Structure formats: structure tokens, C-alpha cells
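Step one of this worksheet: look at the structure below.
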Amino acid sequence: MKLQLVAVGTRMPAWVTTGFEEYQRRFPRDMAFELIEIPAGKRGKNADIARILQKEGEQMLAAIPKGNHIVSLDLPGKNWTTPELATQLNRWQLDGRDVSLLIGGPEGLAPACKQAANQSWCLSALTLPHPLVRVLVAESLYRAWSINNNHPYHRE
């Protein structure tokens with residue numbers, strides 16, 4: 001199974017790139033973790049946010065291979081504990097499809113992305129900056145993988 005993180009934004013601070021890549025490299029070859037960055041629409045005082053969201057959503061959906069299981073990261077989503085995420089990761093593996101996780105930009109995900117999603121995951125009830133979410137998702141998924149594989153990374 002391949003994990004694919006599709007995220008809005010292309011110029012992240014160095015600490016975001018370093019943090020994400022640290023967890024990305026820890027995944028085994030049979031569970032590659034790929035990052036696809038979608039350019040953020042230009043935002044300004046008179047920006048048409050609905051149009052920007054629509055365009056970002058179209059680009060995100062176009063980046064997802066047909067047949068992938070799509071998980072949106074969104075506040076109304078399911079809030080999983082770490083063991084529940086490990087169970088979910090195992091289910092995704094057993095399903096046999098690759099998984100695409102969607103992270104929106106400053107205004108969140110486009111409605112089209114939410115509608116296309118097979119599942120919705122609420123990482124936290126807190127409002128988090130979208131660059132930080134990349135690192136949190138990578139770490140959370142690596143921790144879930146470590147639980148499923150009896151790796152000593154996770155401690156109860």
C-alpha cells in the first residue's frame with residue numbers, strides 16, 4: 001500500500017520539510033509515503049476565496065490516482081485515538097487500495113474534496129496551521145505503523 005499526502009502549499013518552512021521527511025523516510029518500502037504539493041491560490045484583500053478553494057480542490061482531486069481511498073482531514077471528521085488509527089491503517093492495508101490524505105490550505109478543503117472523500121479524519125478539535133498538520137499526520141501514521149508492527153517507537 002502507498003500513502004499519499006496531498007497538501008495545499010509549496011513553500012514550507014525548513015522545519016516542516018525536515019519534520020515531514022524524518023517520518024517519511026522511516027516508513028518501510030512496502031508502505032511508501034509520498035507528498036504531493038498543490039500550489040496555493042493567490043490570496044489578497046479582494047481575493048475570491050470560493051474560486052480559490054474550487055481551483056485548489058480541482059488540482060488536489062486531479063493529483064489522486066483513480067481508485068485510491070480518499071481521506072479528508074477536516075474538523076467534522078472522526079477523531080481517532082492512536083490505537084484506533086493503527087486499526088484504521090491496518091484496515092486500509094487489508095483493503096488493498098492506496099490511500100490519499102487531503103490537507104487543505106488556510107481556508108480548509110474545497111467542498112468537492114470533502115464530497116469525494118471516503119472518510120474524514122479530524123486530527124484535532126484545535127485549529128492548526130496547515131504546515132504543522134503535515135508533520136503531525138506523518139508522525140501519527142508512523143506511530144500507527146509502529147504499533148501494527150510491534151516496533152518499539154510507540155510506548156503505552
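Any Cβ shown, glycine's included, is placed from N, Cα and C.
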Seminar exercise, completed: Note: Swiss-Prot has G104, L123, S124, A125, L126, T127, L128 binding S-adenosyl-L-methionine, and from L73, L85, L89, L141 that site also includes L73
For this session: Taking the Cβ of L126 (S-adenosyl-L-methionine binding site) as the centre, count every other Cβ atom within 10 Å, in any protein chain shown.
Result: 6
